[in-house]
């Protein structure tokens, strides 16, 4: 109570902060008369003057008032739109690296031009991040007119661009693109073998549109680039056929966690079925020999029980397409990882694509935290303000609306079941349609949208459906959803992006009614003027009918998604209405709600078709949503805690790669590696302060031959007086150095340096890939340490550090071994041409994976890529190389073959 009283008297901290920005608005307004008097050339020349002032030592903050006034005047001339004062406040907030919460229709796209222009003046590049390719392309063209007028260059990153086109786009002053494109380009760059092939610029400043979607909703889904592994499609099909024979009594399904666990009876049934199929070994499902089968079984259970068609995914063109749970959009090209996608493919009977192994990964949290300054915009951020500050150190500032909000948000209506709810929804839609009020109906899934569509069709209510199946028509359907009497059923995808304009959209009506007319012709202008008049008249009729009616068919897990849906109505001071219709069948209430209390209310004197409207119910639902939000926040927080461990290691590896690529020669690094390896070999076989009789000479000979490529007279050396491990190590290193010196004498220095650099980069990448897989496996089981009264995250940090140290040792040994065994079978000058990058590299997003379909990249990942690097770092040694059982025992299946071929052992002398 006291807090509310203080806020009423003094205003909230947000109000005081916004008020503190008013003096800057006055300074901006002071420049307007001068700028308005300039001609176009003089106004455009402001950019050159600003850059000169920056070079002279002025700061961006000191330039802000005049720069913002310049953008406002340029937008007025080029777009016919003048920034409102509240939009100027939004621009200041973005420039300061904070989040501007602005309601739908307040012009966030135009707001971004202010901070983007100002921060592009130093010439270090500004990234504008959008949620889809359509918005990136649209905004780059639309707002690009303002930037180009002022002399700045604009690029856009979309799929299927070549590396050169991407470099050009990143080289522009301002670059538009999606969060996925920016993130994947960063990962791909750190898999290249030559600086010149990279596309990404150093991080400077980014503005993230729909910042809550990018930094919160997608924060649980790391970006992953991966390559294929062995084909196991037959096993997926066999296990799926077995899982389809289990009944509900055979497993327990936790909808909250999306986990499926076999009961004791279910385990016995599965064991019998697996044994009959010849897939069970050891007579026990959980025997060590069945580890792989158990993994496939768990994923098949999840695919068949926890993942629903037309809710979590759709089947299109014989492919499984994931549906984004927050936006309702198709995530074309992305795949679930860890075999889940393959299990769903087996479930639906479509072609099973091979599994993939992680080559590189990063979370959005750690990607965007690399920007020295980051700003964001959205219509819904206040509910997540704590998370934005905790993880990104960004404050949320609520920007006042330009005009008061007139939308009426009515209380929820609560029904016994879905049938009663749909009947009430149909009646409400019919009544709104009769009075000419447009209706936007929000659903939580494709399945629900199509179910409601069938219901309305039977009731002869004309409508349009917008979901992931018809995403190509998204902008068109949403833009016309505000026409007189229009009824649009949409999933969450209608919550962002294109504005719903009451009366209709001029651009889309022109495309519909006059597609053949050319812009600028008298016929086009006449048609546009006629339609513009019709839209104005229709808008008046819609306003008289009450504006846009937003009707929610159930509550989403997140309050933000509900608020986004409400926010489609009442833009720029227009009237509007919003109401949610709920039932006990709704997923949120069924899974997270207080079922007993709801059921008691439903059964108490409530007739069929009758609704309850109660603030208590709305409060209970909000409590359920807060519980889900808190759980999801904990998940995201945990993701970033664990990824921070990997991120520290990622930075080291990527910095090492950059240093290697920038260095003219890595001779010193390779020499140190050889010395460390020689010392490690001798130290492992000849402990300090021990006698020669105690040394493991056989292993010393074996490892020296395998790793260093030498066969010195160890027996003679050991017989010498005064020999000790230190002296022995010096002798071994001298022999190893002599082997390398002999190889170097056969080719020129430039070729040798290229070979060293290539071997080092390739080995680094190979072991980093294996390390990522190991960390992922560790991450899956580390929670079990809690049973031993240990903190999992601390245990993970400790184990990950130890694994990282072991990886560095393995890199040193493998680089030394490959260079010791490298052989040349053709003239060095014949190595000039480089192989193309393998085109099997695909991209994943976490449990979500996204494919790169560009196909024509210049960059490399698994080949040897570099402008002066030999094509083959090692020529095959032929069949005369013998792998003894002793050598084989020291090799992993993914180790490089010691014969010097440069191929993996399992594909060379270790092939079965």
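Heads up, the Cβ atoms here are built off N, Cα and C, so glycines get one too.
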Residue among 412, 420, 499 sharing the ATP site, where Swiss-Prot lists 87, 105, 106, 107, 108, 109 as binders: 499
Site with most surrounding Cβ atoms, counting all protein chains shown within 10 Å, from the binding-site residues 87, 109: 87
Cβ-based neighbourhood (8 Å from the centroid) of the ATP site, residues 87, 105, 106, 107, 108, 109, 499 excluded: 102, 104, 110, 111
Where the record names 87, 105, 106, 107, 108, 109, 499 as binding ATP, the maximum Cα to Cα distance in Å: 17
Least Cβ-crowded entry, counting other Cβ within 10 Å, from the binding-site residues listed as 106, 499: 499
Same-chain residues at least 6 apart in sequence whose Cβ lies under 8 Å from residue 105 (ATP binding site): 499, 571, 572, 574
Surrounding CB atoms that lie within 10 Å of the CB of residue 108 (ATP binding site), all protein chains: 22
Coarse DSSP state, helix versus strand versus coil, of residue 87 (ATP binding site): helix
Cβ neighbour count within 10 Å of residue 107 (ATP binding site): 19
Residue 108 (ATP binding site) in three-state DSSP notation: helix
